[in-house]
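**Student:** Below: one structure in C-alpha cells.
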Amino acid sequence: MKYRRILLKLSGEALMGERPYGIDPEVLKSIAGEVASVVRAGVQVAIVVGGGNIWRGRKEAAAQGMDQASADYVGMLATVINALTLQDAIERAGIPTRVQTAIAMQEVAEPYIRRRAIRHLEKGRVVIFGAGSGNPFFTTDTTAALRAAEIDAEVIFKATKVDGVYDADPKTHPQARRYDVLSYQDVLNRDLRVMDSTAIALCKENQLPIVVFDLTTPGNIYRVVQGEPIGTWIGQRTVENNGIPSPGELIPS
C-alpha cells in the first residue's frame with residue numbers, strides 16, 4: 001500500500017445513498033467493507049464523519065432563526081450518531097473500532113485524546129472522530145484537517161458523490177472540467193469550495209495533501225489508498241508528496 005496512516009473524511013450526505021435523509025444500510029455496509037479491506041492491507045485508518053444527513057446547521061439555523069452556535073452543537077451530536085453507526089458496521093466487518101468525541105459522552109464513546117488515538121491506530125483499530133472539533137463555527141472539514149495533522153496522517157481522502165474537483169458544478173454545468181491536480185493556493189484563489197478556507201489553510205501549513213474522490217464507485221476507497229490516480233490531488237506544487245509529481249499548470253480531464 002502507498003500510505004501507512006490516512007484520514008478518511010466522510011460527509012453525512014455520503015451515508016444517505018439515494019435517500020433524502022438518514023443512513024442507507026447498504027451504503028454503510030459497503031463503506032465498512034472497504035475500510036476493513038484497507039485495514040487488513042496494513043493501513044492505519046482514522047475517520048472524520050459529518051452530520052449533514054441528519055442536520056444541516058447553517059441551513060436549519062437560517063430557516064428557523066436559530067442561534068448559529070446552538071445549531072452547530074446539534075450538528076455535532078448528529079456526527080456522533082453517524083460515528084456510532086459506522087463503528088458498528090466496521091466491527092461487523094471484523095475490524096475493532098473506537099469512537100472518540102470532542103464533547104464528553106463517556107457512556108458511548110471515549111473522549112478525544114491524541115496519544116490514545118494514535119495508540120489505537122498502531123494496534124490496527126479504526127478510530128472515528130465524532131462531534132467535530134467541539135467548537136461551533138468550525139466545519140467537519142476543518143476537523144478533518146486538524147485531526148489529520150494531530151495524528152500525523154500522510155493524506156486526507158475526502159469522499160464525495162463526484163469524481164473530483166471541477167471548475168463549476170457538474171450537475172448544473174455539463175461542460176464543467178475536472179482537475180487532476182491543484183495546489184492549495186489554486187483552491188483558495190478560485191474559490192473552488194472543496195473544503196472551507198480554514199481547512200485548506202491548515203492543510204497548506206502542515207503540507208498535508210488532500211485527495212477528493214468518488215465514494216459511490218465500489219472499490220474506490222481501496223484503490224485510492226493504493227495510490228491509483230483517482231479523483232483530484234491537492235497539495236504543494238513544489239513537493240512530490242508520496243511520489244505524485246508536482247504539476248506545472250492545472251491539468252483538466
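For all residues, glycine too, the Cβ spot is worked out from N, Cα and C.
This is the feature table in Swiss-Prot:
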BINDING   Lys9, Leu10, Ser11, Gly12, Gly52, Arg56, Thr160, Tyr166, Asp169  ATP binding site
BINDING   Gly51, Asp72, Ser133, Gly134, Asn135, Pro136, Phe137, Phe138, Thr139, Thr140  UMP binding site
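Describe the structural surroundings of these features, if you would.
**Tutor:** Just so you know, the Cβ of Thr160 (ATP binding site) picks up 20 other Cβ atoms within 10 Å once every protein chain is counted.
Of all the Cβ atoms in the protein chains shown, 12 others lie within 10 Å of the Cβ of Phe137 (UMP binding site). The secondary structure of Phe137 (UMP binding site), as reduced to three states from DSSP, is coil rather than helix or strand.
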**Student:** I'd like the number of other C-beta atoms within 10 A of the C-beta of Gly52 (ATP binding site), please.
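**Tutor:** Around the Cβ of Gly52 (ATP binding site), 21 other Cβ atoms lie within 10 Å.
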**Student:** Residues with Cβ closer than 8 Å to the Cβ of Lys9 (ATP binding site), same chain and 6+ apart in sequence?
**Tutor:** Ile47, Val48, Val49, Gly50, Thr140, Asp141, Ala144, Ile156, Phe157, Lys158, Ala159
**Student:** So of all those binding-site residues, Asn135, Phe137, Thr139, which one's Cα sits nearest to Gly52 (ATP binding site)?
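**Tutor:** Nearest candidate: Thr139.
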**Student:** Least buried of the binding-site residues Ser11, Ser133, Asn135, Thr139, going by other Cβ atoms within 10 Å?
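**Tutor:** Comparing Cβ neighbour counts within 10 Å for the binding-site residues Ser11, Ser133, Asn135, Thr139 gives Asn135.
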